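Novice: What follows is a single structure, and I will ask about it in a moment.
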């Protein structure tokens, strides 16, 4: 009987907290949205499942060896950690805080104490360290996205680059909004937190994860979930904004057929883009460099095997580990916070502003040019949700005029949005990181 009681006291059912129970439900909700509603299933399935695993009591899958050692709170281990971390006592909360703010050498010493006591890093913690903390997974995904991207529509109509740039205004407006909320005492975001939250407005999941991992890792789970959720909700979020800012006649504007782009142009563009941006803004070089490298593999025609791997096998493998790693940040102590609600609200505001600014920029360009050469609907595709935003522009164009096919025209600002979000990320890292 005593052994059965020991087993019960050590079980997850006995030790589960209300917060962990809620987060397991959140993980199940993400799985439901991905499987039943088809909301970004490639990311939300591993994120949701990772979130469930991260909240299994006593498993410690999302924690480091030191955090696991502190959690199980053996007096002799806590005393040894207190000595290494330099805390006045062996209070678990004080030890966790000291561990998180300590330098690399102290981290290593504390890890050695935990390992000697028989504690190890959790599985999800190891995934996070390798995939996200190193920055590798978002960069590899950007390479895969580059290998799947056709710059042709952008090269055929270069002025759509301005639409992609205008849509990034939502990022910077949201940063100011987050700072304003903090100044007013409503929220408590640092400037690094505000910058990471603002990137949600670019509707670019890998970029949001990359920036959050560098500037606000404690907010990574909420930022990633918000970014991918809003990407999945593009067909619901964008149309009301697009209809409100355009007239029926503007939505009926037919655009001329795009010119043919030569192979030489397609090869030279990613090389030129990478060199130009990297020289002007080195902090954007990792993201944009991998994006351009992936595109070069696609267009050069001599490394088809590498291009195919980047587009398929590699990006799929990395996506699995990226999703599980993000899920590890959905633990109750990190996610169930007023800040999470603030992130979700600011994220959708950023996305809405980006959509609106793209449409308004298209209208401004028509006015300056003294004609109607651009259908304002393609301006909303300036956010980098590829190709969902372009499809929404095409759908609304067909609703207004059954012969108005805008998909390829909208891909120009859509691709420009990817470039713009990478540049915006570089700006944030440069001036805020």
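The chain as shown is numbered from 1 upward.
The backbone N, Cα and C atoms fix where each Cβ goes, glycine too.
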Novice: Which is it, of 161-187, 188-214, 296-322, that TrEMBL names as transmembrane segment?
Specialist: 161-187
Novice: Using a Cβ cut-off under 8 Å, which residues of the same chain at least 6 positions beyond either end of the transmembrane segment (340-362) come close to it?
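Specialist: Non-local partners: 162-171, 173-174, 177-178, 181, 187, 189, 197-198, 200-203, 219, 222-223, 226-227, 230, 237-238, 241-242, 245-246, 374-383, 413.
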Novice: Look over the recorded stretches 127-149, 219-246, 374-393 and say which has the most C-beta pairs under 8 A to the transmembrane segment (267-289).
Specialist: 127-149
